[in-house]
Amino acid sequence: MALAPIPKVVFGLIAFAIFWVLAVFPAVPFLPIGRTAGSLLGAMLMVLFQVITPDDAYATIDLPILGLLFGTMVVSVYLERADMFKYIGKLLAWKSRGAKDLLCRICVISAVSSALFTNDTSCVVLTEFILKIARQHNLPPTPFLLALASSANIGSSATPIGNPQNLVIAVQSKISFGNFLVGILPAMVAGVVANATILLIMYWKLLSVHKDEEDAGAEAVVEEYDSHRFSPATMSHFSSLNSQEWNSHLEAISVQNSPQQILRNRSIASEIIGASSNTFDSARISSLPRDGTNGVPSLTKEETSPTSSSATVDTLIHPSERKNNLIIRWKRVLWKSCVYIITVGMLVALLLGLNMSWTAITAALALIVLDFKDARPCLEKVSYSLLIFFCGMFITVDGLNKTGIPSALWDIMEPYSRVDRASGVAILAVVILVLSNLASNVPTVLLLGGRVAASAAAISKADEKKAWLILAWASTISGNLSLLGSAANLIVCEQAIRAPNLPYTLTFWSHLKFGLPSTIIVTAIGLTFIR
């Protein structure tokens, strides 16, 4: 493609430069309007400068990508309501065998969850929980936060729904979900192993200095865990009785009692709490019939036995209330099971090669109907700013393409970047890594995707598919190079800073010290596995 007239090239470069500055530095002092407004400003300037016509601007917005992105976000919101990410968090602390074991678990769990639920979602819901575990065991947070962010990026490369650039590649290349997964999964597994090994080598001494506490401490952290959503809103979970309130209450009423009576009261209260923590709250406990002198029901010796404690509590609750509580609990279990079944059905449909966009939207609507209530609270947690950012980015990047500059640059690089030889693959990967860190990975995919695929298609159909997968792999792993390389990195950093009671700052240089060698090594290893 020949270069456009000079005025069109200049104005197109100005519009794209404004978009790039605001996308990479959303809080730039002279125009702190953020990424979303920056993308719309770039798109508007492309139309205003007549680099692209209004009709072409509308036509360049890729609705299938937006539909797939919207559908997966809605599904993730309902999975979070169904405690999916709470269970994922519990896996981190379950029978942990020390700091190195925890590091490896974070790498594996964040990679798998990112492949299924997007890397941004995994980082949002796991960051604070990882900080709590690190604090509980007196461990340095840096290696664990790096493991979360880097493994989330690596894991997200395996599926079309793992990250936004993969969504673009899957829609434009028309590679099915199953073929995409088979093509990159071996590289992803090797990349996670290599990344974990690098982390262990770099932080072995630091992780060995700190002595881990028992698993009971980790379980205590799990009980404190509250997952997070896409928006600042927090999720409410069923709360249990506060044993500290009971202890202080018993201390107050036992001043006038003998030591034996105090011990007896404590044991009875503990049995009641253990049997009823998920059924009724402390307000109901205080309303129980009292026939003892200390405000606690006086039970016989048989009633205080382990086998009779549950039955005793049941007799203290009104039968109708007990039945209602049981119905509510089973409705909750049934609803959560249906959410998981619909999600698995969506993944199966994607593997079978059905239209990815409409499959995700169908699953989202099925979950909304299943919930059988006003969907506004859940839909408000969808990141509409991200969808708008994509709309502006589509227009801005297409405007840059119409200037002819990307085609001219690719014509220079194309002879050296052919995917049918190892040197060409290496050069192509380097170009993608550099451009992804300069212009961000999604614009890089939009700029290079069609050109790389066309060059590879001239060789063979198989090489065309390989070129798309190389683009997906390299553009995703490039996000690990620096703290600004991907949204997942920034999410981990921001979540860590804002974590209540345990804020932590992940610095740019501490990330770069690990990210540079990890990105180069993991990218190189993964390229050997892509077929």
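Heads up, the Cβ atoms here are built off N, Cα and C, so glycines get one too.
Remember, TrEMBL labels are computer predictions, not curated facts.
Over in TrEMBL, the protein carries these features:
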- 27-477: domain 'Citrate transporter-like' (DOMAIN)
- 288-314: region 'Disordered' (REGION)
- 6-25: transmembrane segment (TRANSMEM)
- 58-79: transmembrane segment (TRANSMEM)
- 180-204: transmembrane segment (TRANSMEM)
- 333-350: transmembrane segment (TRANSMEM)
- 384-405: transmembrane segment (TRANSMEM)
- 425-448: transmembrane segment (TRANSMEM)
- 468-492: transmembrane segment (TRANSMEM)
- 512-530: transmembrane segment (TRANSMEM)
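Here the transmembrane segment (384-405) lies next to the transmembrane segment (58-79) in space: the count of CB pairs under 8 Å, restricted to residues six or more apart, reaches at least 3. Within the same chain, residues 52, 85, 117-118, 121, 160-161, 164, 167-168, 170-171, 229-230, 339-340, 343, 346, 355-364, 367-368, 371, 378-379, 381-383, 386-387, 390-391, 394-395, 398 sit at least 6 positions outside the transmembrane segment (58-79) and bring their C-beta atoms closer than 8 Å to a C-beta of that stretch.
Same-chain neighbours of the transmembrane segment (6-25): 31, 33-35, 37-39, 41-43, 45-46, 49-51, 392-393, 396-397, 399-400, 402-405, 439-440, 443, 484, counting only residues six or more beyond its ends whose CB sits under 8 Å from a CB of the stretch.
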